[in-house]
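Feature list (source: TrEMBL):
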- 13-37: domain 'Putative zinc-finger' (DOMAIN)
- 89-113: transmembrane segment (TRANSMEM)
- 118-147: region 'Disordered' (REGION)
- 124-135: compositional bias 'Low complexity' (COMPBIAS)
Amino acid sequence: MTAPCPFAFDDAAYVLGALPPAERLAFERHLSGCAECERSVREIAGLPGLLARVPVDDVEVPPAAEPLPDTLLPALLDHARRTERRRRWVVGLAAAAAVAAIAAASVTVFAVVDDDGGSPVAEPPASSGPSTAPAQDMTPVHPGGDDAATVALTSVAWGTRLDVVCRWAGEGEEPGYGDDGSAPTYALVVRSTDGDTQQVATWTGLPGKTMKVSGATYLARDDIAAVEIQTSDGRPAFELAG
């Protein structure tokens, strides 16, 4: 009889970034040699973006499970806790997907850095996963000024992680800036070799600030033909051919 995989119930917690650093690193090392766990991660890799789009009030949280009696064997307790943890993650993700009713997947992490070298306003969480690929310069669609953007495309077990660093000039000079002075919004868009597009991150521009944004897609690195930063009305501001 084949022993059960010790990582069989960690897929959902891994996709949502809920595993402690040591457990996350162990799971990522395990993925390269376990086809079943890799398949499970790929199946739910797109759901975190759906969850991020759902208002908190629209998601019905399942009631807490009754505590298990302490008289059960330690091995049974450990197995039951793992099963319950996975059930809660999967139920929450499925509810978010049903409410959102969209197919695009995105996971976004932000950091805003003062251009004078000050501390970041918000730091992205530390990751024990694969090291980030080298950043590539994105081409401005309308050259001129101090506008600049880079993107790093890192292959991971469940697809590709995109790390963007971009900076626009001072107030009123960013592409997409509203006529009423409102801050512009941007989207990170991935185009596949099949011609499909995915919006994998969105954010609001802050004049004179350097924005660090991360997104994710289930597409493998070799299946990405182009990456664009677009304004809210779909106009490209920066682009990178695969």
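The chain as shown is numbered from 1 upward.
The backbone N, Cα and C atoms fix where each Cβ goes, glycine too.
The average pLDDT for the domain 'Putative zinc-finger' (13-37) in the predicted structure is 84. Using DSSP to sort the residues of the domain 'Putative zinc-finger' (13-37) gives these counts of helix, strand and coil: 17 helix, 0 strand, 8 coil.
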